[in-house]
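K.L.:
Take a look at the following structure, please.
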Amino acid sequence: MRPSQRLWQRHLPELVALLVVAIWGAGFAITKFALDQFNVPAFMSLRYLGMLALSWGVLAWRIRRTGEPFRVARGDLPRLALAGLLGYSFYIPLSTVGLSTTTAFSNALLIATAPLFMTLLARLLRLDTIGRRQVAGMLTALAGIVVFVLPAVGAGAGPSGRGDLLSLAAALFFAGYSVTSRSLLARYPLAALMASTLTIGTVPIILLSLSWMPAQAWSRITPAGWAAFAWTVVVPVYVAWTLWNWVMARLGVARASLFMYLVPIIGAGTSWVLLGEGFGPLKIAGAALTLVGLGVARRPAAPQRDPMRGPSGYRVGAAVRQVG
């Protein structure tokens, strides 16, 4: 094997990680572009129907390929239902409505604060402990969030301020989904978990938003708008998550998570290029302070014995290898 090939293979996980965070970062601007042509309920109805069909198609393909049937233990049904509601009935709708009324950069940064809420929830549920460094990082990130959203939520800010608050609430629900589904990922393949939780979470969304479909002006949706919509159904969820689990299996949770801090930065760049969004010095300062705080808070207090094992003993590789 030539040295250039060895170098390529050695750094392939890092390159794939960069590709994934680029997909996620650009996804905020692409979704924002699509939402400019759809009304939010119609967009969510179509997106959920598309994701639902795709999720069961992927699961059926996996079952046929592996020959392993999909069975859910009765004792896991309440946790599956809770994960479906938190992730798909609350997180995605709140994030989508928030994105429709605020900037893609704001939505990207505020969603990126989910690890802070994960840490707090894990501590409240006594799944993890919080060290002094984590507390300092969380307080720093909180100060950055206040600086970032203060101009938008002030008097007269209007929809942008509400969009920021909805994005922050979405981060909280995503944290709840992550903590709830962590133990499920150790027992079920990712394809099975996504299909089941998405099915549960889709029901209330379809019931609430399907009636808005006739109000959508379908003729005003351009080919680019449909392409952006198709991207939101397929690429950020299935392509990116499959690649991300491959990355975590090779780099471990600690190293892989460092790449996540690039998501809001890429989100800012793509929203500036694609949508012409601008950012004042206060926004940039708040974003920088938030990212620094996130980095400090996510840094483990002591080296973990097993880089593949999360803070509560959830071994990422064990779940990833089941995905296929």
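Using the three backbone atoms N, Cα and C, a Cβ is placed for every residue, glycine included.
Those TrEMBL annotations? Automatic predictions, nothing curated.
Feature list, courtesy of TrEMBL:
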type	residues	note
TRANSMEM	12-34	transmembrane segment
DOMAIN	14-149	domain 'EamA'
TRANSMEM	40-59	transmembrane segment
TRANSMEM	80-99	transmembrane segment
TRANSMEM	105-125	transmembrane segment
TRANSMEM	137-159	transmembrane segment
DOMAIN	162-295	domain 'EamA'
TRANSMEM	165-185	transmembrane segment
TRANSMEM	192-212	transmembrane segment
TRANSMEM	224-244	transmembrane segment
TRANSMEM	256-275	transmembrane segment
TRANSMEM	281-297	transmembrane segment
K.L.:
Can you name the far-off residues of the same chain, 6+ from the ends of the transmembrane segment (40-59), with a Cβ under 8 Å from a Cβ of it?
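P.N.:
For the transmembrane segment (40-59), the list is 34, 70, 88, 92-93, 96-97, 100, 191-192, 194-195, 198-199, 202, 205-206, 208-213, 215-216, 229-230, 232-234, 237-238.
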K.L.:
Going by DSSP assignments with H, G and I as helix and E and B as strand, what are the residue counts for the domain 'EamA' (14-149)?
P.N.:
114 helix, 0 strand, 22 coil
K.L.:
Tell me the residue counts in helix, strand and coil for the domain 'EamA' (162-295), as DSSP assigns them.
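P.N.:
Result for the domain 'EamA' (162-295), in helix, strand, coil order: 121 helix, 0 strand, 13 coil.
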K.L.:
Return the average pLDDT for the domain 'EamA' (162-295) as a whole number.
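P.N.:
On average, pLDDT over the domain 'EamA' (162-295) sits at 86.
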